[in-house]
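Asker: I am attaching a structure below and will ask some questions about it afterwards.
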C-alpha cells in the first residue's frame, strides 16, 4: 500500500509545510513577547499546566472520533486508562520530562531572543540522534554524523557573540537562557525517543497513549505550579497576568504539537528540514522588526550552518537508521508529540 504522502498533491504538502513553519515561528515570537512585555508577568508554570489540559481534551475528542461510537469510546477509556495504572505510570516518565522541557522553554525565552532560541534549540537533533542510537540501537549515516557536528558548530558560533535585542527593556541573563535550552534539548531528545519506544511496545492507539501521558502531565505540572509559584498564586491568583497574547501562546502550544503529529505523515524529512530552517529565518526577521535584534557576523554564519545541517540530516538515505518498513509509521506518529 502506498504511503499517505504519496497520494497527496504538491499543493497540500506546501500547505503542510507553511502551517508547520508559521506555527513554529509565531509560537516562539509570541512567547518571547509575553515574557518581555512591560505588563504584569504571568506564571509560566500555569501556562504549561493549562496547555496539558487542552491537549488532553483535544486527544479525548480525537479518540472519540477515531473509535466511531460512544460504546467503543467508553470501553477504550475503561481498558486503557482506568484499567491500566501500570501504563499510566510508564507514561509519567515522559510527562515529567516534557513538563521540565516546556518550563525551560519559557525560562529560555525570558532571557534569549527568539531567533537565538530557534537556532540553539536545533541541538535537539543531535540529542535525539544520540538517544536513538543508545535506546533504540539504530545507526546513523556518515552524512548524518557530519551534519550533527556541523549543527553543533553553528550553534557555537551563534552563542559565541550572541545577537542583542535593543528594544527589550526587561533584565535578561543569556547564560541562564542557554542553560535552560541545554536542559530543554536533553529533555526533548530523551522524552521523544522514550515515547516512541512505548508506542512500539504495543498496538495501542497514539491518542490513547497521548491521553495517558497528558493525564500524568496534568498531575506533574500541577505539582510544579504548587512547588514553584504556589505562594504567589495563592496571593495573586492562578490567571494573574494573563492577556490575549498569553492565551494565544497556550493555544499554539496545545494545537501546534498535535497538528504537527497529524500532518507529518504527509511530509518527509527534507520538508521538515526546510520548515525548521524557514522558521529560523522568519523568527530572525520578526526579531529584527519587533525587538530590534542586531545581527552579528557570527550569528549569521552560525545560522547558515544550522540551516544547512538540518537539510543534510534529512536527506534520503539507505539503511542508515535500521528502521523496518513497519516501524516507519510508528516513527511518523511520534514526531511532534
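In case you wondered, yes, glycine gets a Cβ from its N, Cα and C as well.
Note that this is a predicted model, so its numbers are computed, not measured.
Dumping what Swiss-Prot says about this protein:
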BINDING   55, 101-102, 117-124, 188, 210-214, 272  CMP-N-acetyl-beta-neuraminate binding site
REGION    316-337  region 'Disordered'
TOPO_DOM  1-9  topological domain 'Cytoplasmic'
TOPO_DOM  31-45  topological domain 'Lumenal'
TOPO_DOM  65-87  topological domain 'Cytoplasmic'
TOPO_DOM  109-114  topological domain 'Lumenal'
TOPO_DOM  136-141  topological domain 'Cytoplasmic'
TOPO_DOM  161-175  topological domain 'Lumenal'
TOPO_DOM  197-209  topological domain 'Cytoplasmic'
TOPO_DOM  229-243  topological domain 'Lumenal'
TOPO_DOM  263-269  topological domain 'Cytoplasmic'
TOPO_DOM  289-296  topological domain 'Lumenal'
TOPO_DOM  316-337  topological domain 'Cytoplasmic'
TRANSMEM  10-30  transmembrane segment
TRANSMEM  46-64  transmembrane segment
TRANSMEM  88-108  transmembrane segment
TRANSMEM  115-135  transmembrane segment
TRANSMEM  142-160  transmembrane segment
TRANSMEM  176-196  transmembrane segment
TRANSMEM  210-228  transmembrane segment
TRANSMEM  244-262  transmembrane segment
TRANSMEM  270-288  transmembrane segment
TRANSMEM  297-315  transmembrane segment
Asker: Can you work out which residues elsewhere in the same chain, 6+ from the ends of the transmembrane segment (210-228), have a Cβ less than 8 Å from its Cβ atoms?
Answerer: 43, 45-46, 48-49, 52-53, 55-56, 59-60, 63, 77, 80-81, 84, 87-92, 94-96, 98-99, 103, 195, 238, 258, 337
Asker: For the transmembrane segment (88-108) and the transmembrane segment (10-30), decide whether they are in contact, meaning at least 3 CB pairs lie under 8 A, counting pairs 6 or more apart in sequence.
Answerer: no
Asker: Can at least 3 Cβ pairs under 8 A be found between the transmembrane segment (297-315) and the transmembrane segment (176-196), with each pair 6 or more apart in sequence?
Answerer: no
Asker: What is the Cβ neighbour count of residue 117 (CMP-N-acetyl-beta-neuraminate binding site) at a 10 Å cut-off, with all protein chains included?
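Answerer: A count of 25.
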Asker: Return the count of C-beta atoms lying within 10 angstroms of the C-beta of residue 210 (CMP-N-acetyl-beta-neuraminate binding site), excluding that atom itself.
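Answerer: I get 24 for this one.
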Asker: I'd like the per-state residue tally for the topological domain 'Lumenal' (31-45) from DSSP, helix first, then strand, then coil.
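Answerer: Its residues fall into 8 helix, 0 strand, 7 coil.
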Asker: Could you give the mean pLDDT over the topological domain 'Lumenal' (109-114), rounded to a whole number?
Answerer: 89
Asker: 10 Å Cβ neighbour count around residue 123 (CMP-N-acetyl-beta-neuraminate binding site)?
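Answerer: Residue 123 (CMP-N-acetyl-beta-neuraminate binding site) is surrounded by 22 other Cβ atoms within 10 Å.
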Asker: Hey, which of the binding-site residues 55, 120 is the loneliest by Cβ count within 10 Å?
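Answerer: Counting other Cβ atoms within 10 Å of each of the binding-site residues 55, 120 gives the minimum at 55.
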Asker: Looking only at Cβ atoms, how many others are within 10 Å of the one on residue 213 (CMP-N-acetyl-beta-neuraminate binding site)?
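Answerer: For residue 213 (CMP-N-acetyl-beta-neuraminate binding site), the count of other Cβ atoms within 10 Å is 27.
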Asker: On the DSSP side of things, how many residues of the topological domain 'Lumenal' (109-114) fall into helix, strand and coil, could you say?
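Answerer: Helix, strand, coil within the topological domain 'Lumenal' (109-114): 2 helix, 0 strand, 4 coil.
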Asker: Is the topological domain 'Cytoplasmic' (65-87) packed against any residues at least 6 beyond its ends, judged by a Cβ distance under 8 Å, and which are they?
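Answerer: Beyond its ends, the topological domain 'Cytoplasmic' (65-87) has Cβ neighbours at 204-205, 207-208, 211-212, 215.
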Asker: Determine how many residues of the topological domain 'Cytoplasmic' (197-209) DSSP places in helix, in strand and in coil.
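Answerer: Final tally across the stretch: 8 helix, 0 strand, 5 coil.
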Asker: Just to be sure I understand, if DSSP states are collapsed into helix, strand and coil, how many residues of the topological domain 'Cytoplasmic' (65-87) fall in each?
Answerer: 19 helix, 0 strand, 4 coil
